[in-house]
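Accompanying notes for the structure given below.
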């Protein structure tokens with residue numbers, strides 16, 4: 001162990017066998033991340049839970065009795081927070097977690113293994129939850145190629161797809177929150193969201209790593225399905 005610049009003890013990993021440098025650095029970061037350790041103590045499936053906690057503590061959209069959809073939910077950290085905040089663990093609100101991957105059961109959460117990009121997905125969700133929802137959230141990140149511009153476009157494209165899905169299933173007044181990455185590629189996304197929501201802003205929770213370009217977009221006050229047209233973006 002060694003001390004970092006703040007005086008805290010830092011774990012270093014000695015390379016074992018054929019461990020790649022990138023794997024070694026990732027493991028060191030995990031071992032020295034206070035949010036990773038706290039998530040284990042609190043029983044959350046990922047450190048991302050604290051990002052949603054912070055965003056909701058400031059903006060209060062996960063209200064008791066609300067209905068919530070978590071896109072790309074695995075491993076389930078955001079779904080855990082949503083279930084507690086809306087009362088789904090006590091049979092009050094509703095939380096539906098959607099992912100292509102299987103996800104272990106979470107108390108108060110209904111899991112749907114499906115592709116939200118499927119044309120039939122919005123109708124399946126509406127039938128499952130019994131009507132339009134209050135919140136759609138996404139902590140998804142697109143698979144990267146290593147080519148910066150291509151990756152930026154992929155990331156923004158995924159958020160646009162999530163936003164289009166949200167506009168298909170949200171109630172008027174509803175909320176959309178999603179992970180983005182700081183770049184110049186999201187100008188059209190922000191314009192579209194501002195057309196469809198009363199308030200749109202970028203956020204960077206303290207739980208986001210300081211060296212990451214990760215941000216979250218929070219769109220409040222959905223204007224209603226009649227305003228949306230994600231197949232025809234505004235100029």
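Residue positions begin at 1 at the first shown residue.
Each residue, glycine too, has its Cβ placed from N, Cα and C.
The active site, proton acceptor feature in Swiss-Prot is assigned to 179; the stated evidence is sequence analysis. For residue 179 (active site, proton acceptor), the same-chain residues 6+ apart in sequence whose C-beta sits under 8 angstroms from its C-beta are 138, 139, 140, 141, 159, 214, 215, 216.
Here residue 76 (S-adenosyl-L-methionine binding site) comes close to 45, 46, 97, 103, 104, 106, 109: these same-chain residues lie at least six apart in sequence, with C-beta atoms under 8 angstroms from its C-beta. According to Swiss-Prot, the feature S-adenosyl-L-methionine binding site maps to 76, 78, 99, 115, 139, an assignment based on sequence analysis.
Residues 76, 78, 99, 115, 139, recorded as binding S-adenosyl-L-methionine, reach a greatest CA to CA spacing of 18 Å. Same-chain residues at least 6 positions away in sequence with a Cβ under 8 Å from that of residue 78 (S-adenosyl-L-methionine binding site) are, in sequence order, 48, 49, 52, 70, 137, 139. Each of the binding-site residues 99, 115 was ranked by the number of other C-beta atoms within 10 Å, and first place falls to 99.
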